[in-house]
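Chemist: According to Swiss-Prot, the protein has these features:
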- 9-19: compositional bias 'Basic and acidic residues' (COMPBIAS)
- 110-119: compositional bias 'Basic residues' (COMPBIAS)
- 133-149: compositional bias 'Polar residues' (COMPBIAS)
- 164-178: compositional bias 'Polar residues' (COMPBIAS)
- 179-213: compositional bias 'Basic and acidic residues' (COMPBIAS)
- 243-272: compositional bias 'Basic and acidic residues' (COMPBIAS)
- 296-323: compositional bias 'Polar residues' (COMPBIAS)
- 339-361: compositional bias 'Basic and acidic residues' (COMPBIAS)
- 372-383: compositional bias 'Basic and acidic residues' (COMPBIAS)
- 414-427: compositional bias 'Polar residues' (COMPBIAS)
- 437-452: compositional bias 'Polar residues' (COMPBIAS)
- 471-482: compositional bias 'Basic and acidic residues' (COMPBIAS)
- 501-512: compositional bias 'Basic residues' (COMPBIAS)
- 556-576: compositional bias 'Basic and acidic residues' (COMPBIAS)
- 603-614: compositional bias 'Polar residues' (COMPBIAS)
- 667-679: compositional bias 'Basic and acidic residues' (COMPBIAS)
- THR18: phosphothreonine (MOD_RES)
- SER36: phosphoserine (MOD_RES)
- THR58: phosphothreonine (MOD_RES)
- THR85: phosphothreonine (MOD_RES)
- SER104: phosphoserine (MOD_RES)
- SER183: phosphoserine (MOD_RES)
- SER206: phosphoserine (MOD_RES)
- THR277: phosphothreonine (MOD_RES)
- SER324: phosphoserine (MOD_RES)
- THR552: phosphothreonine (MOD_RES)
- SER623: phosphoserine (MOD_RES)
- SER625: phosphoserine (MOD_RES)
- SER627: phosphoserine (MOD_RES)
- SER667: phosphoserine (MOD_RES)
- SER671: phosphoserine (MOD_RES)
- SER675: phosphoserine (MOD_RES)
- SER678: phosphoserine (MOD_RES)
- 1-85: region 'Disordered' (REGION)
- 110-522: region 'Disordered' (REGION)
- 383-396: region 'Interaction with SH3 domain of ABP1' (REGION)
- 549-580: region 'Disordered' (REGION)
- 593-679: region 'Disordered' (REGION)
Amino acid sequence: MPSEVTPKVPERPSRRKTSELFPLSGSESGDIKANSEPPTPAGTPNVPTRRPILKAKTMTSFESGMDQESLPKVPLQRPVRRSTTEELNNVMNNTSKELEEIESLISKHNIHNVSRKKSPTSVEEGKVAAIHQNGQRSASDNKTSTNPSPLEKNEHEGAEGNESAISPSNLVNKSNNEVTEHSDSEDLTEKQKVHAALDNEAGDRSHFEEKLIPGDMKVQVDVSKDVEEGSLNALPPSGITESDDKAEKFTKHPESSLEELQKHQEQQEEKIFQNPTDEESTTSLNEKQEGKDNMEVNSQPQGPSDTETVIAATSSNVPSQIASEEENDVPVIPRSRPKKDFEAHVQKEELPNTQEKRVSEECDSTLISTEEESKIPKIPSERPKRRAPPPVPKKPSSRIAAFQEMLQKQQQQDLHNNGNSSATTASADIAKKHTDSSITSDTTKADFTSKLNGLFALPGMVNPGQLPPSLEKKLSSPDTESKLGPQDQSQAKTGPLGGTRRGRGPRGRKLPSKVASVEKIEEDDNTNKIEIFNNWNVSSSFSKEKVLIDTTPGEQAERALDEKSKSIPEEQREQSPNKMEAALCPFELDEKEKLPANAESDPLSQLPQTNTVGNRKAISEESLSPSEAIANRDQNDTTEIQEQQMEDQMEVDMERELSGGYEDVDSALHSEEASFHSL
């Protein structure tokens, strides 16, 4: 419908956050919103380049309604249990005077600058020097100007913007710091000044840390010692204790190198490991002293001076460190440097001397007592045992006992006989001394050997009373040897040394008849037989000239045989072993010269001729003498001719065997062809 107007939807009402029960009017609510909400910035906010360091915050709402006296006093450090109670009591008694002197000095001088304490765990190198330098600069900055720098403002704004990111443990630490500062009666202007000073310290620290710390190097340094030394910088140089002098030396050179820090740390560690008990005893006293100092500083009225510092509480890692020590038993470097206790040191030096004196006195007393005891005779508690008697020898057997008795009787008889003979020989020697000295020497030797009684076992030894025959012959006089004849001497030489031994064999049995009937052959070595036999036999024959002229070869051979048979007997023919039968007759040579001409023509007729030649050879060899046979061999050269004939005959035989009995090679070839065609 065109006449109708579209309805307007009203806006949804928005709920406003108000503290009152009834809603306000629109103008009033707009003014409240404008006042409560900050205006939006036109430009982009400044973002800090690095994360700001956590700063101590104050609780304005809590501190405003509370008085300074009503606040509870929280201790700086948790007390640590000590096991060595006796040493602590001694140290407390010895250091009471020093504590009184320190309290009097602190009450006289107003300490204006107190540096913040840090935890001793893993402090980076170069941090100690930066802390002292920052403390001095912060004091000078507070005197000259109270307005913070723009960099400090940015860091302060960034820290305020990141308040929501702070952990609860840091909040607890902040609250502890707020309690220890005791700044309830200060105005807002004074609080702003404190914040500016803290920002200056943080900025200077961050700036110097970037310059001084190279890389990620970390050195465990005892910072608590440096903090105490920084707190005592306001004291005059004429200090009583050694710690004041060392603090002045260390603060004069804030820009110390890394090498000095390392040396300082090594010295501290050596002292800690050398005397850990003294350090434990002194740490508790230092803690108490620090607590008193802090109480005095807080009790003094704080004027409107520009240079104001805040004592920071210990780090939040103290309870966690103690818990970790109890769990893991890991040693931790103490926070404060131990102070020398001169009286306790003197007492400890005196103790070993007194102990040594006591020990020496005890040693002297023991020596005197031992000397006195050595003079007094001691009665043994037990009597000494008697030695056991020697073992009784066993009784010998009956045979051994009888043998020993027999030997004793024989020795007694020998001694009795030797005594009589020695008396007779002594009288005879006195009479014959001048006559014959050789006889006396022999008799003395005989007496000496007779006294031995056969103690030495010699081969062929008889009874102990009787000397062996070899000694008797040597000791016998030369007259007795001359009296004996040659036959007796030969019999004595050939006589056996001992008796004949019986042959071992089966007893009670007879030998077999063959063995018993065998006659024993006895050889006489002294007899010699001479045998004569002929080694050579010589036969004589006629000369060549006579044989050729007188007789024919056949007759000559027959005559030679007859003469030989007559001249040589039959026994000599059998016994003569060596005969020279090498003679040849001259008629054989003529026949052998004729043989090669007839051998080729009549091969069959050759056999009877060879037999006849052999017979003639035997006849001629028997008839000729060896000298003649040798002469004939050298002159006629028949052996060479025979060898040549034998070689020719062997060659002919070999040709026949190879050709198969045919004289010519052509005939053999024709015969092979005929046999091949026939097949």
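Each residue, glycine too, has its Cβ placed from N, Cα and C.
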Chemist: Do you know the mean pLDDT across the region 'Interaction with SH3 domain of ABP1' (383-396)?
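Modeler: A mean pLDDT of 82 is what the predicted model shows over the region 'Interaction with SH3 domain of ABP1' (383-396).
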Chemist: Please list residues from the chain of SER627 (phosphoserine) whose Cβ is under 8 angstroms from its Cβ, counting only those at least six apart in sequence.
Modeler: none
Chemist: Which residues in the same chain, at least 6 apart in sequence, have a Cβ under 8 Å from the Cβ of SER104 (phosphoserine)?
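Modeler: Looking at Cβ-Cβ distances below 8 Å from SER104 (phosphoserine), excluding near sequence neighbours, one finds none.
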Chemist: Would you list the DSSP helix, strand and coil counts for the residues of the region 'Interaction with SH3 domain of ABP1' (383-396)?
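Modeler: So the counts come to 0 helix, 0 strand, 14 coil.
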